[in-house]
């Protein structure tokens with residue numbers, strides 16, 4: 001009887017299979033004789049993350065929106081909140097966008113008409129919605145202070 005020597009470790013249940021045995025392991029263990037600790041048995045991956053055994057360690061594959069060793073950290077950049085080529089940086093559970101020239105705003109969605117420096121001859125540019133307005137220095141006039 002191959003089960004007479006109690007080959008299944010850690011509370012595993014032995015079943016005779018002819019001249020061989022098969023172990024049914026309790027949660028937390030795996031392997032032919034239930035001697036391998038199963039690090040995924042405690043469900044260490046949070047927020048829908050998928051656990052993979054890596055020897056006696058585990059590795060989590062996080063779903064979009066989460067990151068970290070156990071998928072517990074909210075990833076605010078995963079939804080690509082920065083528009084128009086803006087670069088997203090995680091700031092805890094918030095995000096910050098670094099906008100490319102020509103755009104501004106929390107998510108880089110506002111066109112920045114002053115970014116091209118349209119006011120000439122020392123004129124001061126002010127954004128007005130999606131247009132610009134120039135305040136010209138004395139001696140110059142026109143929409144862009146060129147006259």
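All positions are counted from 1 along the displayed chain.
Quick reminder: no glycine exception, Cβ is built from N, Cα and C everywhere.
TrEMBL does not curate its annotations; it predicts them automatically.
TrEMBL has this to say about the protein:
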type: DISULFID; residues: 25-34; note: disulfide bond
type: DISULFID; residues: 62-71; note: disulfide bond
type: DISULFID; residues: 99-108; note: disulfide bond
type: DISULFID; residues: 136-145; note: disulfide bond
type: DOMAIN; residues: 1-35; note: domain 'EGF-like'
type: DOMAIN; residues: 36-72; note: domain 'EGF-like'
type: DOMAIN; residues: 73-109; note: domain 'EGF-like'
type: DOMAIN; residues: 110-146; note: domain 'EGF-like'
Protein Cβ atoms within 10 Å of residue 62 (disulfide bond), excluding its own: 21
Residue 71 (disulfide bond): tally of other CB atoms within 10 A of its CB: 22
Residue pair residue 145 (disulfide bond), residue 99 (disulfide bond) - Cα distance, angstrom, rounded: 27
Alpha-carbon spacing, residue 136 (disulfide bond) to residue 99 (disulfide bond), which is rounded to whole Å: 28
Nonlocal residues around residue 25 (disulfide bond), in sequence order (Cβ under 8 Å, 6 or more apart): 8, 10, 12, 31, 34, 38
Long-range neighbours of the domain 'EGF-like' (110-146), counting only residues six or more past its ends (CB under 8 A): 99, 101-104
Helix, strand and coil residues within the domain 'EGF-like' (36-72) as assigned by DSSP: 0 helix, 14 strand, 23 coil
Packing count at residue 34 (disulfide bond) (other Cβ atoms within 10 Å of its Cβ): 22
Spatial neighbours of residue 108 (disulfide bond) that are distant in sequence (at least 6 apart) but have CB under 8 A: 82, 83, 84, 85, 86, 97, 99, 100
Helix, strand and coil totals (DSSP H, G, I; E, B; other) for the domain 'EGF-like' (73-109): 4 helix, 14 strand, 19 coil
